[in-house]
Amino acid sequence: MSASLLGKASDKGLLSFGVHDLRDWTYDRHRTVDDTPYGGGPGMVMKPSPWGEALDDVLTPSARLVVPTPSGRPFTQAVAAEMAAGDHLVFACGRYEGIDSRVMRHYAPLVRVDEVSIGDYVLAGGEVAVLVMIEAISRLVPGVLGNFESVTDDSFAPGRMETLVEGPVFTKPRDWRGQAVPDVLMSGHHGRIARWRRDEAFRRTAALRPDLLARLDPAGLDKHDRKLLESLDLAVDPGRVAK
Ligand code: JB8
């Protein structure tokens, strides 16, 4: 968090970060934060008491509590944007099999509590998921990105007419190891370039993210788009993809 974009943002005072060690809120010789699960089963569960002591100290009335877990609701660009509007986010990083559920229940009447998942895979703990979320959220805070980068162009930016993945990008040299940059990008025809990029975005989305394509708003499609989509060999019947 002190490197690169986040470090510069915190140097500029746009954001500030704090990190806490849960064991600072333990009082036994071994600074114990885990115990065996009620009901049996493998692994260990994080004890509620250190979490309660820590969160009582760290949370403020305007804070939101964010708990990464593979069983949470998906962390999306829309969630990132909503969190970027908040003034204080507290991330509770679990280890082992997770945090005793009563902790989240306890704080829900006091602050907004969100259990969120960054994807369908299992990490060893919440810290890396939180770093991912902090990066996605921070770049949406005004002033964090430089003038060259714009958040409105992103593939997943909410409010964009279609939610497509971006097509390929190219820079100099024009020829590299026998591969030329597509002629249309050298043509200077801004209309044709925009249309080519849109076509490539549709092609890539159809191939790699049929779930996104199935959610496309047909009102945002013109005749050319519809013709292109008909020509694509869709990996999944859009009608059969879950909402
Ligand atoms: C223990 O995959 B994850 C994730 C995995 C975890 C914990 C939190 C998040 C805590 N394992 O996002």
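Heads up, the Cβ atoms here are built off N, Cα and C, so glycines get one too.
TrEMBL lists ILE118, GLY119, ASP120, TYR121, VAL122, LEU123 as S-adenosyl-L-methionine-binding residues, and of the candidates GLY86, GLY94, GLY146 the one it assigns to that same site is GLY94. Neighbour counts of Cβ atoms within 10 Å were taken for the binding-site residues ILE118, VAL122, LEU123; the minimum is at VAL122. Proximity of the binding-site residues GLY94, GLY119, VAL122, LEU123 to ligand 1, judged by a Cβ distance under 6 angstroms to any of its atoms, singles out GLY94, VAL122, LEU123 in sequence order.
Considering other CB atoms within 10 Å as the measure, the emptiest surroundings among the binding-site residues GLY94, GLY119, TYR121 are those of TYR121.
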